[in-house]
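Let me begin by presenting the structure, written as structure tokens, before commenting on it.
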């Protein structure tokens with residue numbers, strides 16, 4: 001459906017079950033050209049140590065024609081927008097996703113959740129907000145979308161939210177997609193795979209986008225070139241190996 005997947009977890013997050021090699025093989029089989037490994041930030045109970053993220057610098061950029069982005073799904077820690085990604089971790093990572101997770105930031109009222117999310121968006125440290133339609137964390141959707149558009153941060157539509165977790169996300173995610181459309185922002189699609197078998201599956205995301213007539217030219221996953229141009233506009237150095245994608 002789309003050749004880029006921006007959200008997945010490996011065995012380094014111990015509630016996930018596939019390796020980097022598993023994802024590469026599945027990407028090659030499915031025609032995925034570029035993906036990002038985004039294991040949970042170290043403040044989560046079963047997350048990898050921060051050295052795991054720093055040492056991603058040893059990964060090859062391209063394997064069997066598949067591009068690999070070094071990423072993290074960091075945790076929003078407080079209303080100041082702090083995340084559990086810092087220091088040398090930033091030097092090794094291409095893609096910073098951040099979102100709410102109950103073990104790190106418990107659900108609050110709409111005003112508090114919105115304050116924390118907007119502070120994270122405005123921090124300049126994050127490229128994508130993960131699953132902002134989670135019904136456990138109500139937010140002021142229009143305010144979030146406007147802040148994201150202003151700061152060039154994408155809001156995610158997460159396929160797993162409609163299948164395995166965060167049940168009841170459909171209405172919120174339609175509202176998120178519509179608000180991003182109206183604000184002229186970016187949407188990022190993530191399979192949120194915890195096994196390689198679901199890599200690149202955006203079936204439920206597509207239903208949400210179609211329901212609000214979301215413009216294709218504001219979806220980051222449409223091509224590797226679009227996603228890389230977005231990241232480079234946010235300060236990522238061009239990766240020569242990705243030129244052939």
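Each residue, glycine too, has its Cβ placed from N, Cα and C.
The Cβ of residue 9 (Zn(2+) 1 binding site) lies under 8 Å from the Cβ of 15, 16, 37, 38, 39, 40, 73, 192, 193, 194, each of which sits 6+ residues away along the same chain. Here Swiss-Prot flags 7, 9, 73, 192 as Zn(2+) 1 binding site.
Neighbours of residue 194 (Zn(2+) 2 binding site), defined as other CB atoms within 10 A of its CB across all chains, total 19. According to Swiss-Prot, the Zn(2+) 2 binding site annotation covers 15, 40, 194, on the basis of sequence analysis.
Annotation for residue 101 (Zn(2+) 3 binding site): spatial neighbours 40, 44, 75, criterion Cβ-Cβ under 8 Å with sequence separation of six or more. Positions annotated as Zn(2+) 3 binding site by Swiss-Prot, on the basis of sequence analysis: 73, 101, 131.
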If you count Cβ atoms within 10 Å of each one, which of the binding-site residues 73, 192 comes out on top?
73
Quick one: pull the CA-CA distance for residue 7 (Zn(2+) 1 binding site) versus residue 131 (Zn(2+) 3 binding site), whole Å only.
10
Tell me, by DSSP, whether residue 131 (Zn(2+) 3 binding site) is helix, strand or coil?
coil
